[in-house]
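K.L.:
Take this structure, written in structure tokens, and hold onto it; I'll ask about it next.
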Amino acid sequence: MSHVPLDPETARKVTSSLNYRFEIGGEPLVIAIAQDAENGDVLMTAFANEEAVYRTLTTGYAHYWSTSRREVWKKGEESGHVQRVVEVRVDCDKDAVLYVVEQEGGACHTGYRSCFYRRVTRDGSFEVVMDRVFNPDEVYR
């Protein structure tokens, strides 16, 4: 059963209680992790400021803070590969959030379902362990 979206007042109560201890470019942030609701796979990790968490809680779609563009962005707003949030969890220090999501398409901008598509091998190289689910050259024009 989905626990989001929340009403605005409840969402503000949640966002104001988090510990935005990480700072990039002067922006207070929490770590945001997306996990596949169906199989538990970790899909991606990013950052979220207070507004990104608020939008996630009130819309039911994952929002993050872009450290390069310095703005809140909805996952999939360009690609269509949105993350519908079914649950939000908070870690023990309240400085990280876990978005349990139903992923549409791929989570990674490189075309993979997960950003964790490579594993470290015995010789220290990286081995691709997943197939691409979309062609990024066709999606991001």
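Placement of Cβ uses the backbone N, Cα and C atoms for every residue, glycine included.
Residues or ranges marked as Mg(2+) binding site by Swiss-Prot: D91, D93, D95. Taken from Swiss-Prot, the feature Zn(2+) binding site applies to C92, C108, C115, supported by sequence analysis.
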K.L.:
Please compare the binding-site residues C92, C108, C115 by how many other CB atoms fall within 10 Å of each one's CB, and tell me which has the fewest.
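P.N.:
Selected from the binding-site residues C92, C108, C115 on minimum Cβ neighbours within 10 Å: C92.
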K.L.:
Taking just the CA atoms, what is the gap between D93 (Mg(2+) binding site) and C108 (Zn(2+) binding site) in Å?
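P.N.:
Cα to Cα, D93 (Mg(2+) binding site) and C108 (Zn(2+) binding site) are separated by 27 Å.
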K.L.:
What residues, ordered by sequence, lie under 8 A Cβ-to-Cβ from D91 (Mg(2+) binding site) and sit at least six positions away in the same chain?
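P.N.:
Sequence-distant Cβ neighbours: V97, L98.
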K.L.:
Tell me which of the binding-site residues D93, D95 sits in the most Cβ-dense spot, judged by other Cβ atoms within 10 Å.
P.N.:
D95
K.L.:
What's the CA to CA span in angstrom from D95 (Mg(2+) binding site) over to C115 (Zn(2+) binding site)?
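P.N.:
D95 (Mg(2+) binding site) and C115 (Zn(2+) binding site) have their Cα atoms 21 Å apart.
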